[in-house]
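A.B. asks: First the structure, then my questions, so here it is.
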Amino acid sequence: MCGVFAICQQTCQKGQKVDIDEARKLSRRQHHRGPDFNGFYQDKKTGDILVHERLAIMDLGCVQPIQGTRPTRQVIHNGEIYNHQALRDTELKQFKLKTTCDSEVIIFLYERYRDGHICNMLDGVFAFALCYDGDFLAARDPVGVKQFYYGIDANGRYFFSNEMKCLEDSCGDIKIESFPPGHYYTPKTGFVRYFNPQWFDYRNAIQALDLKLLQKTMIAAVHKRLMSDAPIGVLLSGGLDSSLVSSIASREMKRRGMTVHSFSIGVDHNSPDVVAARKVAKFIGTTHHEFYFSIQEGIKNLRKLIWHLESYDVTSIRASTPMYFLSEEIRKKGIKVVLSGEGADEIFGGYLYFHNAPSDEEFQKETIDRVLHLYTSDCLRADKSSMAHSVEVRVPFLDKAFMEAAITLDPAFKRPQKLEDGRNCEKFVLRSAFNTDQYPYLPDEILWRQKEQFSDGVGYNWIDSLMQHCASKITDKEFAQASKLFPHNTPHSKEAFYVRKIFHELFPSDQAALTVRKWIPKWQKNQDPSGRASLVHESSYHNLGEDNCNGKSAITQQRIEQCRPQA
């Protein structure tokens, strides 16, 4: 992974054009994303600029920008194109590509087709910009796994960057927004949506149950993300999603004669995630590493974290803190790439508030909405808190083929089910797909473990202590001014007010504040995003133990069991 920064100056309406030195200076604000090399290009005709901060993962000797068949054809890319070899062998066999770098296929695809819809041919994640004989194009992957922003300055220039901090000074007074996922941009067309899967319409979720297909597409998604010329690890929280990814990855790497390194973090030796991860690592045979952070360390680094995260969303900050510390330790171990479990909760309705969905239709609508806004929450957290230490996170659950199979599944099969012991069980269909009699992927106690928010699972006292610290820093008089000080996304707790205050000090423009979307659970009165705030959590704040499962459990479970894979 890397950092990309670009300026499209052919849209400039007045004033002098930005020079390459100034562009490189702005790009260096995200140098942590790519410490291995800095490359740049400026089109002599248009003045368009490409700057690249490289973290070497594929073809360790390859540098960017990457040239096409002429010096005036250049691309910078942050991401991974998993089908790059297949594209070389088919669509691009007429060209002589010079490297084995996956990014190189982008400029040659554009050279062949001269159309932004080449993005549909890419199987992977990406934020890229290219210059081609005076043309300019920028694009982002289908659901926004890679972070990407655009801004417009007072002279009409368009700026593009993985991180907002590179745009704040130039564009903060005019416009800064997240580059819309599944879109490309050119000066002639503006933003154009290229990604239009059938699952965008909730009414297309009519597919019959096929657990074997879910298993097959998930395994394939993990395998393709093991592509790397650098060491690979797995983030292992001990929850269902990260444990499944880790188990599949470990099986494949063993087949290749290699060992996977797994990593977990908590506030102490007995944190829920640490204990569960330890059991999983032993079961699947990874080389396991445990790390701990103190509450004091988390609070001390809050300002630095918000600078990297570029968000004031409480959920993102709570969960990013342990991931930030864990990524630092992973990097010290020499690992540049890790696989993680983001996306499964959105696709399968894994958050505990989904137990309260009033109907199959509303359940499906909410899962789609969550997937489409992952770029503002979990994808943002995973990308920025890890790239703060130059570690790339790959997310198999957001593979295009897997999403197609899972999201189009009839929602009746995805809704929470009530188990024989009376417990409510989210993501029942995913668990069933990997509940094999022979060669089990996970021990039963992990396969059927209840959902924990990552910020909860590292230790419940992390959230409680953070809330108390923030409350101690904000007076009642100051909090009473919340709506006046912050009219957009007004904070409704002292914790939210405190982190919003830090964010505003770091990113003072109104445009920066508008890029943040708050994570708010539906169908429950308590708006605290912690999983424990849900009445169905076994360690609920309320300790009420209510049954809020509305799934058609008896018939649905029987049908799921009949479709269960045997190996």
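Backbone N, Cα and C define each Cβ position, glycine as well.
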A.B. asks: Given TrEMBL annotates ILE265, SER340, GLY341 as ATP-binding, which of LEU235, LEU236, LEU372 belongs to that site as well?
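C.D. replies: Of the residues offered, the record points to LEU235.
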A.B. asks: What is the separation, in Å, between the Cα atoms of ILE265 (ATP binding site) and GLU342 (site 'Important for beta-aspartyl-AMP intermediate formation')?
C.D. replies: 16
A.B. asks: What mean pLDDT does the predicted model reach across the domain 'Glutamine amidotransferase type-2' (2-190)?
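C.D. replies: That region's mean pLDDT is 95.
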A.B. asks: Give the helix, strand or coil assignment DSSP yields for LEU235 (ATP binding site).
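C.D. replies: Where LEU235 (ATP binding site) sits, the three-state DSSP reduction gives strand.
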A.B. asks: Cβ distance under 8 Å to GLU342 (site 'Important for beta-aspartyl-AMP intermediate formation'), same chain, sequence separation 6 or more: which residues?
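C.D. replies: GLU342 (site 'Important for beta-aspartyl-AMP intermediate formation') has long-range Cβ partners ASP241, LEU374, ASP378, CYS379, ALA382, VAL393, VAL395, PHE397, LEU398.
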A.B. asks: Just to verify a number: CA distance, CYS2 (active site, for GATase activity) to ASP102 (L-glutamine binding site), in angstrom, no decimals.
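C.D. replies: It is 13 Å, counting Cα to Cα.
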A.B. asks: Which of ASP102, LEU235, SER340, GLY341 (the binding-site residues) has the most other Cβ atoms within 10 Å?
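C.D. replies: Result for the most crowded candidate: LEU235.
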